[in-house]
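**Q** According to Swiss-Prot, the protein carries these features:
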- VAL1: N-acetylvaline (MOD_RES)
- 2-146: domain 'Globin' (DOMAIN)
- THR12: phosphothreonine (MOD_RES)
- LYS59: N6-acetyllysine (MOD_RES)
- HIS63, HIS92: heme b binding site (BINDING)
- LYS82: N6-acetyllysine (MOD_RES)
- CYS93: S-nitrosocysteine (MOD_RES)
- LYS144: N6-acetyllysine (MOD_RES)
Amino acid sequence: VHLTDAEKAAVTGLWGKVKVDEYGGEALGRLLVVYPWTQRFFEHFGDLSNADAIMHNPKVLAHGKKVLSSFGDGLNHLDNLKGTFAQLSELHCDKLHVDPENFRLLGNVLVVVLARHFHEEFTPDVQAAFQKVVTGVANALAHKYH
């Protein structure tokens, strides 16, 4: 992902304020609600019967935190996202058989969650920078599929 110095500063500056444990569960929960076909990968998480059940499901919240923590780790390696996410790409491709489109969807949902929490700070320029990053992460996670 090619980011200008200003974009890197915007992304890392805002990320320092992200409540990973809270926003991760919200992002994954929203993915499962908005795109219900993604639930098939999480059937072992228990009750996913409606939005309220999903958004309060402890396994969804815990996995969302894990996903967002991994995303945050990627921000430390913006120049090598493919290498950073190589093992996760292999896992999701070879073992879990996740449709790589889901990575793009989750990235877009994450942008929505950030906009929801950061209002005025989440300017169009900040959104554009984050959109580059989530696209780069999605591409890195889909790399094994190519």
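Placement of Cβ uses the backbone N, Cα and C atoms for every residue, glycine included.
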**Q** Taking the Cβ of LYS59 (N6-acetyllysine) as the centre, count every other Cβ atom within 10 Å, in any protein chain shown.
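**A** There are 15 of them.
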**Q** What Cα-Cα separation, expressed in whole Å, is found between LYS59 (N6-acetyllysine) and LYS82 (N6-acetyllysine)?
**A** 27
**Q** Mean pLDDT for the domain 'Globin' (2-146), as a whole number?
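**A** Residues in the domain 'Globin' (2-146) carry a mean pLDDT of 89 in this prediction.
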**Q** Measuring Cα to Cα, tell me the gap between LYS82 (N6-acetyllysine) and the residue listed as 'phosphothreonine' in whole angstrom.
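**A** Rounded to a whole number, the Cα-Cα distance is 19 Å.
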**Q** When you measure from the Cβ of LYS82 (N6-acetyllysine), how many other Cβ atoms are you left with inside 10 Å?
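**A** Excluding its own Cβ, LYS82 (N6-acetyllysine) sees 15 Cβ atoms within 10 Å.
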**Q** Where DSSP helix means H, G or I and strand means E or B, what are the helix, strand and coil counts for the domain 'Globin' (2-146)?
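**A** Grouping H, G, I as helix and E, B as strand yields 118 helix, 0 strand, 27 coil.
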